[in-house]
Amino acid sequence: MRHRRVTVGVISSISSALIFLAWQIALGPGPIWADTVQYLRIAFAAQGMPTDEAWMSAYSHWCEHPSVPHNTPQDVCTREVYNGQQPIIGVSDRNPQYQAIFSPRLGYPLLSIPLMNLLGVHIGLWVIPLVLTVLSGMILFLVCRSLNLGVLAASSAQALFYVLPVGYHGVALLTEGPAMFFTLVILLGTVLLAKGQLRNGALITTLGFVTLFFFKYSAVLITSVSFLGVVVLLLLVPQFRQIRGLRLLALLMTAYAAASFALTHALHWPGMSESLQDTFTKHFELPPVPNPIERLLLLNGDYLKILVNDIHRDAAGAVLVVLALGAYAAFARTPQLWLPLGVSLVGVGTILAHPVASQAERLGSPFWVGIAVGIAIAVERLAVRSANEVPEERKLVPVN
């Protein structure tokens, strides 16, 4: 019976992944975004291309697949972009301070080089985020099964992952897809830790953070702090305090955050201060601002007003959020069921650190992972109620 459930689960997860993959292949790769230009520049330079030529080649590909439409021939567009005469990208890309934000993110461009040479630049750069986003949905399915949710509930979470903004932005020619994949690997490790599988959980969590650092080092700090916040809240609950996995998880997340902070400073890579100056100086074109934190708070206030005023435009999303949070509150009785909200906090924290309305959906896309799992919890309870019994292996019991 158990073997049959495993088989059904595997078939369900693979089928959902293949449907999403076919859908994305039918749509084709998206545009070259402004930030994608930086990854192209890194990839071209890593192959020995001179700096100016690497920039011109990157700009040429933007002009061929632009994120903002233009009506000029490609060669003219390339020259105009280089001189800062086209929207979104241009001279500011080549500011040393702005380049420094992207230059340490070597994982995505370096792994894409052989694919770019084999399939062409546009498609080759798309393969990594596409494949990792497909696999991310399958990892989320595995997370749900590790949370003792049934196949139907886990399949619901995987399907929601693909259709919500986290899936849409994951396949973009950016680091969102790879970063999400490794964040979900981290989530899987945290769930195993909370369930008492200390060695496997610690190994998987550490592996996730190490690879995340290679792809997007700035995400390590906010990810570790987000999970730490959830774990600390769980440890405030008396019946959870004696769970060894949670206590170890708190120590590990603290260590990951400290290591990320120390490595970033030791390597002289940009941190939060440089990120804020980037936001308020138009990619370092303007002089540094003396009060970035105060400006950030004001910008967060402005964004909150926009969010409240526009919430009616995404009524379906608001309903999903309410249902998911309600499911957590009503049915999440074990600590591991709350851990997916750590991924949601990554999205919230990223927006708080960079509250620009035009980029909020992309930056905040991790928020929807916790919502997808919350809906899965609700689906599980409905399935159990309809069956009028809870199978023994699917009871959600604390693990000490």
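In case you wondered, yes, glycine gets a Cβ from its N, Cα and C as well.
Whatever TrEMBL says is automated annotation, not expert-curated.
The transmembrane segment annotation in TrEMBL covers 7-26, 123-144, 151-171, 177-194, 201-219, 225-241, 248-267, 315-331, 338-357, 363-384.
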Per the Cβ filter (under 8 Å) with a sequence gap of at least 6 from its ends, the transmembrane segment (123-144) is approached by 9, 12-14, 16-17, 20-21, 24, 29-30, 36, 39-40, 43, 108, 111-112, 114-117, 153-155, 157-159, 161-162, 167, 170-178, 180-181, 184-185, 187-188, 191, 340, 369, 372-373, 376
Return the stretch with the most CB pairs under 8 A relative to the transmembrane segment (177-194), choosing among 201-219, 225-241, 338-357. 201-219
Dominant neighbour of the transmembrane segment (363-384) in 7-26, 151-171, 225-241, 248-267, 338-357, by Cβ pairs under 8 Å: 151-171
Select the range from 151-171, 225-241, 248-267, 338-357 that forms the most Cβ-Cβ pairs under 8 Å with the transmembrane segment (201-219). 248-267
In the same chain, who gets a Cβ under 8 Å from the transmembrane segment (7-26) while lying at least 6 residues past its ends? 130, 134-135, 137-138, 141-142, 145, 151, 154-155, 158-159, 162, 167, 171
Lying 6 or more residues past either end of the transmembrane segment (225-241) yet within Cβ distance under 8 Å of it, the residues of that chain are 186, 190, 247, 249-250, 253-254, 257, 335, 338-339, 341-343, 345-346, 348-349, 398
